[in-house]
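These notes are about the structure you will find just below.
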Amino acid sequence: MKKIIMTGGGTAGHVTPNLALVPELKKSGYEIKYIGSIEGIERKIIEKEGIEYFPISSGKLRRYFDLKNFSDPFKVLKGVFQAKKIIKREKPDIVFSKGGFVTVPVVIAAHLNKIPVIAHESDITPGLANKLATPYCTRVCVTFPESVKHIKGDKAVLTGTPIRRELLEGNKLEGIKLCGFKDNKPILLIIGGSLGSKIINEIVRKNLDNILSKFNIIHICGKSNLDENLENRKGYAQFEYVNEELPDLMKASDLVISRAGANVIYELLALKKPNLLIPLSKKSSRGDQILNAASFEKSGYSLVLKEEELEDKTLMKKLNYLYENRNVYINNMSKSKMDNGVKNITELIKKYTK
């Protein structure tokens, strides 16, 4: 049996695409193992899937000054030695890396063990982890056509992003039942990313009466961001984080407010959900979500509201516009030729398996 080691972590966006590949890889005869960080979100997600998980030391890669920048390189170095030992013992035929800071030591370790590495970059421009890892990769899968020019060494392959099959098979009635909605108002799903979004949470709750006058709300607010004062609010269902329930909640929703991470916007495209994107500002990111959102807005798939312009009036104005023109966005998304990347990436993995 062929063996693959997968890696990726830090946020759910670096983990769920790996899960999307798992059924197809198993069908193709691969035994799957996973290397991730000790305390990252990926550990709980992967172990729940019954995949053997190997934790290693990892340091966060920052673009700003922090005292931890002096100690974290030593954590990365420790992670390289740990990953090298795991890879030498497990003898995988190939490594697949989805990005996030934990992947850098794994990719370097695979290279030192002469194991081919396929990486995947979701955003238009590569993140710092993938930039550091690219020299050690055999090929780098990209999601956007615009991304090809940003990958050095002629390694880029346009594959699209992998989307979990079960996400496309949600049950609308189950989603409504889970939320306890009793009327026929349109449903607004709000996603702030796997770690939540303070600014989106705050403005939604500030305008709750106004929004609830038109919509029922499913609010995925992130860990430790539940508001106990709103637990029994009619028409408002809040969740810290969802996994198995997400397909049903997505299916039940009529509109979506979301950050603009590449994975989630491609999921919205696949599901043809009219969406309002609020990308992370450059104050708190490298600007990748701004580029992702601009690409989808240009294609007519999304309406965009800059974080700097996020106010009570602008939020309600954009929401109302999106709902009134929802069929235009659905029609535009229906014409998209973007592929689910599962098949393309699996074929590439098979091609470069030792």
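Keep in mind that glycine also has a Cβ here, set from the backbone N, Cα and C atoms.
Taken from Swiss-Prot as is:
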- Thr11, Ala12, Gly13, Arg164, Ser194, Gln289: UDP-N-acetyl-alpha-D-glucosamine binding site (BINDING)
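Feature map: Swiss-Prot annotations on the structure.
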| residue | record | CB count, 10 Å |
| --- | --- | --- |
| Thr11 | UDP-N-acetyl-alpha-D-glucosamine binding site | 18 |
| Ala12 | UDP-N-acetyl-alpha-D-glucosamine binding site | 21 |
| Gly13 | UDP-N-acetyl-alpha-D-glucosamine binding site | 24 |
| Arg164 | UDP-N-acetyl-alpha-D-glucosamine binding site | 22 |
| Gln289 | UDP-N-acetyl-alpha-D-glucosamine binding site | 27 |
DSSP three-state assignment (helix, strand or coil) for Thr11 (UDP-N-acetyl-alpha-D-glucosamine binding site): coil
